[in-house]
Amino acid sequence: MTHNHSNEEGSIGTSLHGVTAREQVFSFSVDASSQTVQSDDPTAKFALPVDSEHRAKVFNPLSFAKPHMRAFHLGWLSFFTCFISTFAAAPLVPIIRDNLDLTKTDIGNAGVASVSGAIFSRLAMGAVCDLLGARYGTAFSLMLTAPTVFSMSFVGGPSGYLGVRFMIGFCLATFVSCQYWTSVMFNGKIIGLVNGCAGGWGDMGGGVTQLLMPMVFHVIKLAGATPFMAWRIAFFVPGFLQVVMGILVLSLGQDLPDGNLSTLQKSGQVSKDKFSKVFWFAVKNYRTWILFVLYGSSMGIELTINNVISGYFYDRFNLKLQTAGIVAASFGMANFIARPFGGYASDVAARVFGMRGRLWTLWIFQTVGALFCIWLGRASSLPIAILAMMLFSIGTQAACGALFGVAPFVSRRSLGLISGLTGAGGNFGSGLTQLLFFSSARFSTAEGLSLMGVMAVLCTLPVAFIHFPQWGSMFLRPSTDGERSQEEYYYGSEWTENEKQQGLHEGSIKFAENSRSERGRKVALANIPTPENGTPSHV
């Protein structure tokens, strides 16, 4: 008899149904003890499949299931709301400058101020996440900065305008809590995509506000308010959104997959760390500072663009206020796809090439985006300028997504503070580029854009120096030292021998075990031992 083994009939392992873990197995038991074991399974309480740290191995953006997907949605929506507030003034600058008699220098300094405050708040947020949890950090940032958003309605001059924009910018610290929250909720194999979606959809608030604020301004004006009164009333909208999100985060959020940080610390399930130790291991790791520079030349540029792009199209191409807002909004709206794409590309590259693939992906996206930034500044017609802006936005935002496919692996113990330092790099880069290129009459806005692109190309080069002994770098292979080439050694080195004896490092060891996928498929397959019969053990 001839047997026809087709793909439709089965695949390798079908003769051992239920053994290979590739098939669905149907079974039931009437034994009470077996039912008890199933109900006691610690992973049974999760809606998504999880790893040994109870971090989700699947990403389902259409779900709001607790705790993983709920934390994801609360994180990005909080950041989205804060982005709207921070850049709410930018599309209304043509009206505000006439009302407050602002000069180009005043507007430029206010733009610098709007992102400079977050340099400090993001550093603080990193420590808050490590020590208190992402839920409190996010909610405090939203609620404490909401009054400053309302205060914009009562500004009377240039100094008040600058001061209020500086204080509103503190809320951008929610980016750090957002990325930290998703990093502790999702497995490393999908962290690039998840962080890309969370950060990208949050960044999209910079585009939405370019549409929202002119629309709200127009509606209020139609209701009978004067232009100089309408822009002031409009700021009650983003302030109200922050209050609502703060309440939702406190009432619905959860710090970690197994519960809130304070509760787990009291029960002894999670150790309570010291700020001095967390801070030390973050600042002494040179990779942290390279990420600081890299994010300053990707996210920093994006923040700068949010402040200048609407006015650039309004003045250079004589567009109407609402039209300029629509064009400018397209830059920020690209985050919906571009940043998640960058994170997903990082994950895909890691599956084959490991961490080295993530680093190459980051360098390619960031360099290409910077080159299109140069082109944007040299564009002489509206269609070419819009095309250059869109290509620039895709490259730069994809680079941001790819960068946070790397950042979660720099440290386990100081994850929050490293996220904070990296995020602060974005604000520092934005403040620096606005100060250098857009705060005086030395350069036109077009010249400033091109020079900013050149600066970004140069600042992307240090990615080549990021080297992990267990995974290698862009040009160098992993360490040949047997002990140092292990993930457990890298993450365990952040703990002293005394701390290890107390078992405080166990979370880092679990993280190390789940990070072996960063070796890449080729390395992983090469390391699988071959038994005497010559058949690889993974087949």
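Along the chain as shown, residues are numbered 1 onward.
The backbone N, Cα and C atoms fix where each Cβ goes, glycine too.
Database features, via Swiss-Prot:
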TRANSMEM  76-96  transmembrane segment
TRANSMEM  112-132  transmembrane segment
TRANSMEM  137-157  transmembrane segment
TRANSMEM  166-186  transmembrane segment
TRANSMEM  190-210  transmembrane segment
TRANSMEM  233-253  transmembrane segment
TRANSMEM  289-309  transmembrane segment
TRANSMEM  324-344  transmembrane segment
TRANSMEM  359-379  transmembrane segment
TRANSMEM  384-404  transmembrane segment
TRANSMEM  418-438  transmembrane segment
TRANSMEM  448-468  transmembrane segment
REGION    501-539  region 'Disordered'
COMPBIAS  530-539  compositional bias 'Polar residues'
Distal contacts, the transmembrane segment (233-253) - CB-CB under 8 A, six or more residues away: 66, 70-71, 74, 77-78, 81-82, 84-85, 88, 92, 134-135, 138-139, 142-143, 145-147, 149-150, 152-153, 171, 209, 212-213, 216-217, 220, 225
The transmembrane segment (418-438) touching the transmembrane segment (112-132) per 3+ Cβ pairs under 8 Å rule: yes
Contact call for the transmembrane segment (76-96) against the transmembrane segment (166-186), three or more Cβ pairs under 8 Å: yes
Cβ contacts under 8 Å made by the transmembrane segment (418-438) with residues that lie 6+ beyond its boundaries: 108, 111-112, 115-120, 122-127, 129, 169, 172-173, 175-176, 179-180, 183, 282-283, 285, 288-289, 291-304, 307-308, 403-404, 407-408, 410-411, 445, 447-449, 451-452, 455, 459
Same-chain residues near the transmembrane segment (359-379), Cβ under 8 Å, at least 6 residues beyond its ends: 294, 297-298, 301, 342, 345-346, 349, 353, 385, 387-389, 391-399, 402-403, 405-406, 446-454, 456-457, 460, 463-464, 466, 473-474
Considering the transmembrane segment (190-210), which listed stretch of 289-309, 384-404, 448-468 counts the most C-beta pairs under 8 Å: 384-404
Contact check, the transmembrane segment (448-468) vs the transmembrane segment (166-186), 3+ Cβ pairs under 8 Å, seq sep 6+: no
